[in-house]
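A quick write-up on the structure given underneath.
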Amino acid sequence: MPRFQIFTEAEVTSVRKGGKILHDCLQHVAALTEPGVTTGFLDSIAETFIRDHGGAPGFKGYQGFPATLCTSVNDVCVHGIPGSQVLANGDIISIDCGVLLDGFYTDACLTVAVGPIVPAAKLLMETTEEALKQAIAIVKAGAHVGDISAAVERTARAQGFAPVRALTGHGVGKTLHQYPDIPNVGTAKTGPVLPAMTLIAIEPIISAGSDAITEGDDGWSIYVKDHALVAHYEHTMLVRPEGAEVLTAG
(Lines of atoms letter the chains of each structure in order from A; the text may use other names.)
(Lines give C-alpha, C1' and ligand atoms only; values in the text may rest on other atoms or scores of the structure.)
Protein backbone atom coordinates (compact mmCIF):
# COMPACT_ATOMS: atom_id res chain seq x y z
CA MET A 1 0.00 0.00 0.00
CA PRO A 2 1.56 3.35 -1.01
CA ARG A 3 2.14 5.81 1.79
CA PHE A 4 2.67 9.52 2.12
CA GLN A 5 6.21 10.61 2.89
CA ILE A 6 6.36 12.77 6.02
CA PHE A 7 9.06 15.41 6.43
CA THR A 8 10.69 17.02 9.45
CA GLU A 9 11.00 20.77 9.84
CA ALA A 10 14.76 20.42 9.29
CA GLU A 11 14.17 18.63 5.99
CA VAL A 12 11.66 21.25 4.94
CA THR A 13 14.32 23.90 5.45
CA SER A 14 16.36 22.26 2.68
CA VAL A 15 13.31 21.91 0.45
CA ARG A 16 12.50 25.57 1.01
CA LYS A 17 15.99 26.56 -0.14
CA GLY A 18 15.61 24.47 -3.28
CA GLY A 19 12.21 26.00 -3.91
CA LYS A 20 13.67 29.49 -3.74
CA ILE A 21 16.34 28.59 -6.30
CA LEU A 22 13.64 27.12 -8.55
CA HIS A 23 11.37 30.16 -8.26
CA ASP A 24 14.21 32.55 -9.03
CA CYS A 25 15.36 30.38 -11.95
CA LEU A 26 11.92 30.37 -13.55
CA GLN A 27 11.58 34.13 -13.16
CA HIS A 28 15.01 34.61 -14.74
CA VAL A 29 14.17 32.35 -17.68
CA ALA A 30 10.74 33.93 -18.15
CA ALA A 31 12.33 37.38 -18.40
CA LEU A 32 14.49 36.14 -21.28
CA THR A 33 11.63 34.46 -23.13
CA GLU A 34 10.99 36.52 -26.25
CA PRO A 35 10.55 36.14 -30.00
CA GLY A 36 13.68 34.86 -31.71
CA VAL A 37 15.21 32.89 -28.84
CA THR A 38 15.44 29.11 -28.96
CA THR A 39 14.16 26.73 -26.34
CA GLY A 40 17.70 25.35 -26.13
CA PHE A 41 18.98 28.79 -25.15
CA LEU A 42 16.45 28.97 -22.31
CA ASP A 43 17.51 25.52 -21.17
CA SER A 44 21.18 26.48 -21.00
CA ILE A 45 20.30 29.60 -19.01
CA ALA A 46 18.29 27.52 -16.53
CA GLU A 47 21.00 24.91 -16.00
CA THR A 48 23.67 27.56 -15.43
CA PHE A 49 21.44 29.44 -12.98
CA ILE A 50 20.64 26.35 -10.92
CA ARG A 51 24.24 25.17 -10.72
CA ASP A 52 25.52 28.66 -9.92
CA HIS A 53 23.14 28.74 -6.95
CA GLY A 54 24.28 25.40 -5.55
CA GLY A 55 21.56 23.11 -6.87
CA ALA A 56 21.37 20.47 -9.57
CA PRO A 57 18.80 20.17 -12.36
CA GLY A 58 16.05 17.87 -11.14
CA PHE A 59 14.91 16.73 -14.57
CA LYS A 60 18.19 16.18 -16.42
CA GLY A 61 18.86 12.45 -16.57
CA TYR A 62 15.62 11.61 -14.78
CA GLN A 63 14.36 8.46 -16.53
CA GLY A 64 16.64 9.51 -19.39
CA PHE A 65 15.24 13.01 -19.92
CA PRO A 66 17.98 15.01 -21.68
CA ALA A 67 17.45 18.57 -20.42
CA THR A 68 17.03 20.89 -17.44
CA LEU A 69 13.71 22.34 -18.62
CA CYS A 70 10.61 20.95 -20.24
CA THR A 71 9.74 23.61 -22.83
CA SER A 72 6.22 22.91 -24.08
CA VAL A 73 5.09 25.30 -26.81
CA ASN A 74 1.46 25.92 -27.83
CA ASP A 75 -0.19 22.49 -28.25
CA VAL A 76 2.44 20.59 -26.26
CA CYS A 77 1.09 19.69 -22.82
CA VAL A 78 4.27 18.51 -21.12
CA HIS A 79 7.82 17.20 -21.61
CA GLY A 80 8.79 19.30 -24.63
CA ILE A 81 12.53 18.85 -25.18
CA PRO A 82 14.52 22.09 -25.54
CA GLY A 83 16.48 22.47 -28.74
CA SER A 84 16.53 24.47 -31.95
CA GLN A 85 12.87 25.55 -31.88
CA VAL A 86 12.69 29.33 -32.29
CA LEU A 87 9.95 31.12 -30.35
CA ALA A 88 7.68 33.45 -32.30
CA ASN A 89 5.22 36.23 -31.53
CA GLY A 90 1.93 34.76 -30.36
CA ASP A 91 3.37 31.54 -28.94
CA ILE A 92 2.77 30.46 -25.38
CA ILE A 93 5.39 28.29 -23.70
CA SER A 94 5.13 26.28 -20.51
CA ILE A 95 8.48 26.23 -18.72
CA ASP A 96 8.62 23.32 -16.29
CA CYS A 97 11.68 22.84 -14.09
CA GLY A 98 12.92 20.84 -11.12
CA VAL A 99 15.73 21.45 -8.65
CA LEU A 100 17.57 18.87 -6.57
CA LEU A 101 19.21 20.28 -3.44
CA ASP A 102 20.48 18.36 -0.40
CA GLY A 103 18.69 15.23 -1.60
CA PHE A 104 15.27 16.85 -2.02
CA TYR A 105 13.36 17.76 -5.17
CA THR A 106 11.15 20.73 -5.92
CA ASP A 107 9.05 21.05 -9.09
CA ALA A 108 7.33 24.10 -10.60
CA CYS A 109 6.04 25.44 -13.90
CA LEU A 110 4.71 28.63 -15.41
CA THR A 111 3.37 29.55 -18.83
CA VAL A 112 4.82 32.57 -20.59
CA ALA A 113 3.43 34.64 -23.46
CA VAL A 114 5.90 35.24 -26.28
CA GLY A 115 5.20 38.77 -27.45
CA PRO A 116 1.55 39.76 -27.98
CA ILE A 117 -0.93 36.88 -27.76
CA VAL A 118 -4.57 36.53 -28.72
CA PRO A 119 -7.22 37.12 -26.01
CA ALA A 120 -8.21 33.45 -25.99
CA ALA A 121 -4.64 32.44 -25.12
CA LYS A 122 -4.50 35.05 -22.38
CA LEU A 123 -7.75 33.76 -20.89
CA LEU A 124 -6.42 30.19 -20.98
CA MET A 125 -3.27 31.22 -19.12
CA GLU A 126 -5.21 33.26 -16.55
CA THR A 127 -7.68 30.43 -15.98
CA THR A 128 -4.96 27.84 -15.50
CA GLU A 129 -3.12 30.03 -13.02
CA GLU A 130 -6.40 30.68 -11.19
CA ALA A 131 -7.07 26.93 -11.08
CA LEU A 132 -3.76 26.47 -9.30
CA LYS A 133 -4.61 29.24 -6.82
CA GLN A 134 -8.02 27.73 -6.11
CA ALA A 135 -6.47 24.30 -5.55
CA ILE A 136 -3.78 25.64 -3.22
CA ALA A 137 -6.45 27.39 -1.15
CA ILE A 138 -8.01 24.01 -0.38
CA VAL A 139 -4.82 22.30 0.76
CA LYS A 140 -4.48 21.50 4.46
CA ALA A 141 -4.12 18.41 6.59
CA GLY A 142 -7.36 16.45 6.36
CA ALA A 143 -8.28 17.60 2.85
CA HIS A 144 -8.89 14.96 0.21
CA VAL A 145 -6.94 14.76 -3.03
CA GLY A 146 -10.34 14.85 -4.74
CA ASP A 147 -10.96 18.30 -3.24
CA ILE A 148 -7.92 19.59 -5.14
CA SER A 149 -8.95 17.84 -8.34
CA ALA A 150 -12.49 19.20 -8.15
CA ALA A 151 -11.23 22.77 -7.69
CA VAL A 152 -9.03 22.55 -10.78
CA GLU A 153 -11.75 20.98 -12.89
CA ARG A 154 -14.42 23.45 -11.75
CA THR A 155 -12.23 26.46 -12.54
CA ALA A 156 -11.28 25.17 -15.98
CA ARG A 157 -14.74 24.12 -17.08
CA ALA A 158 -16.28 27.41 -15.94
CA GLN A 159 -14.41 29.05 -18.83
CA GLY A 160 -15.14 26.27 -21.32
CA PHE A 161 -11.69 24.72 -21.07
CA ALA A 162 -10.70 21.08 -20.59
CA PRO A 163 -8.34 19.90 -17.84
CA VAL A 164 -6.09 17.19 -19.26
CA ARG A 165 -7.31 14.08 -17.48
CA ALA A 166 -4.32 11.85 -18.23
CA LEU A 167 -1.72 14.18 -16.68
CA THR A 168 -1.52 14.71 -12.94
CA GLY A 169 0.21 16.39 -10.07
CA HIS A 170 2.04 14.24 -7.57
CA GLY A 171 3.84 13.85 -4.31
CA VAL A 172 7.42 15.08 -4.30
CA GLY A 173 10.40 15.00 -1.97
CA LYS A 174 13.20 12.45 -1.95
CA THR A 175 12.07 11.43 -5.42
CA LEU A 176 10.67 13.67 -8.14
CA HIS A 177 7.38 11.81 -8.51
CA GLN A 178 5.85 9.83 -5.67
CA TYR A 179 2.55 9.01 -3.99
CA PRO A 180 -0.07 10.34 -4.40
CA ASP A 181 -1.15 11.20 -7.94
CA ILE A 182 -3.19 14.42 -7.93
CA PRO A 183 -5.53 14.43 -10.95
CA ASN A 184 -6.86 17.60 -12.53
CA VAL A 185 -10.37 16.17 -12.63
CA GLY A 186 -12.23 14.61 -9.75
CA THR A 187 -14.86 14.68 -7.05
CA ALA A 188 -14.61 16.44 -3.70
CA LYS A 189 -14.42 14.32 -0.55
CA THR A 190 -12.85 11.40 -2.43
CA GLY A 191 -9.34 10.05 -2.70
CA PRO A 192 -6.48 9.95 -0.20
CA VAL A 193 -6.57 12.27 2.80
CA LEU A 194 -3.58 14.61 3.06
CA PRO A 195 -1.54 14.34 6.27
CA ALA A 196 0.43 17.21 7.75
CA MET A 197 4.08 17.59 6.74
CA THR A 198 3.87 15.90 3.36
CA LEU A 199 4.99 17.56 0.11
CA ILE A 200 2.88 17.74 -3.02
CA ALA A 201 3.10 19.37 -6.42
CA ILE A 202 -0.19 20.58 -7.87
CA GLU A 203 -0.10 21.23 -11.61
CA PRO A 204 -3.19 22.18 -13.61
CA ILE A 205 -2.65 21.38 -17.29
CA ILE A 206 -5.56 22.81 -19.23
CA SER A 207 -6.47 22.68 -22.91
CA ALA A 208 -8.44 25.22 -24.90
CA GLY A 209 -9.85 22.29 -26.88
CA SER A 210 -9.88 18.55 -26.29
CA ASP A 211 -7.98 16.82 -23.50
CA ALA A 212 -7.18 13.79 -25.70
CA ILE A 213 -3.40 13.42 -25.94
CA THR A 214 -0.76 11.74 -28.08
CA GLU A 215 3.00 11.22 -27.80
CA GLY A 216 5.39 13.03 -30.12
CA ASP A 217 8.03 11.39 -32.28
CA ASP A 218 10.77 12.26 -29.78
CA GLY A 219 9.29 9.82 -27.26
CA TRP A 220 8.80 12.55 -24.65
CA SER A 221 6.59 15.41 -25.85
CA ILE A 222 2.88 14.98 -25.14
CA TYR A 223 0.51 16.91 -27.43
CA VAL A 224 -3.23 17.43 -27.45
CA LYS A 225 -4.58 15.60 -30.49
CA ASP A 226 -6.59 18.56 -31.77
CA HIS A 227 -3.55 20.89 -31.51
CA ALA A 228 -5.36 23.37 -29.25
CA LEU A 229 -3.34 25.64 -26.99
CA VAL A 230 -2.40 24.27 -23.57
CA ALA A 231 -1.32 26.12 -20.40
CA HIS A 232 0.42 24.65 -17.36
CA TYR A 233 1.20 26.07 -13.92
CA GLU A 234 2.69 24.23 -10.94
CA HIS A 235 3.93 24.77 -7.39
CA THR A 236 5.51 22.52 -4.79
CA MET A 237 4.02 22.95 -1.33
CA LEU A 238 4.11 21.60 2.20
CA VAL A 239 0.83 20.47 3.73
CA ARG A 240 0.38 22.03 7.17
CA PRO A 241 -2.59 21.67 9.55
CA GLU A 242 -3.80 25.18 8.70
CA GLY A 243 -3.08 25.23 4.97
CA ALA A 244 -0.39 25.07 2.29
CA GLU A 245 3.08 26.54 2.58
CA VAL A 246 4.04 27.10 -1.05
CA LEU A 247 7.77 26.49 -1.36
CA THR A 248 8.29 27.60 -4.97
CA ALA A 249 6.60 30.99 -4.78
CA GLY A 250 9.70 33.00 -3.88
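Glycine is treated like the rest: Cβ placed from N, Cα and C.
The substrate binding site feature in TrEMBL is assigned to His79, His177. For His79 (substrate binding site), the count of additional Cβ atoms within 10 Å of its Cβ stands at 20 [all protein chains shown].
Look at TrEMBL and you will find Asp96, Asp107, Glu234 tagged as divalent metal cation 1 binding site. In the three-state DSSP assignment, the secondary structure recorded for Asp96 (divalent metal cation 1 binding site) is strand. Counting every protein chain shown, 23 other Cβ atoms lie within 10 Å of the Cβ of Asp96 (divalent metal cation 1 binding site).
Under the heading divalent metal cation 2 binding site, TrEMBL lists Asp107, His170, Glu203, Glu234. The number of other Cβ atoms within 10 Å of the Cβ belonging to Asp107 (divalent metal cation 1 binding site), over all protein chains shown, comes to 26. Secondary structure at Asp107 (divalent metal cation 1 binding site), taken from DSSP and collapsed to helix, strand or coil, is strand.
The domain 'Peptidase M24' annotation in TrEMBL covers 15-240.
Each of the binding-site residues His170, His177 was assessed for Cβ neighbours inside 10 Å, and the highest tally belongs to His170.
Put simply, His177 (substrate binding site) is 14 Å from Asp96 (divalent metal cation 1 binding site) when counted between their Cα atoms.
Distance from the CA of Glu203 (divalent metal cation 2 binding site) to the CA of His79 (substrate binding site) is 13 Å.
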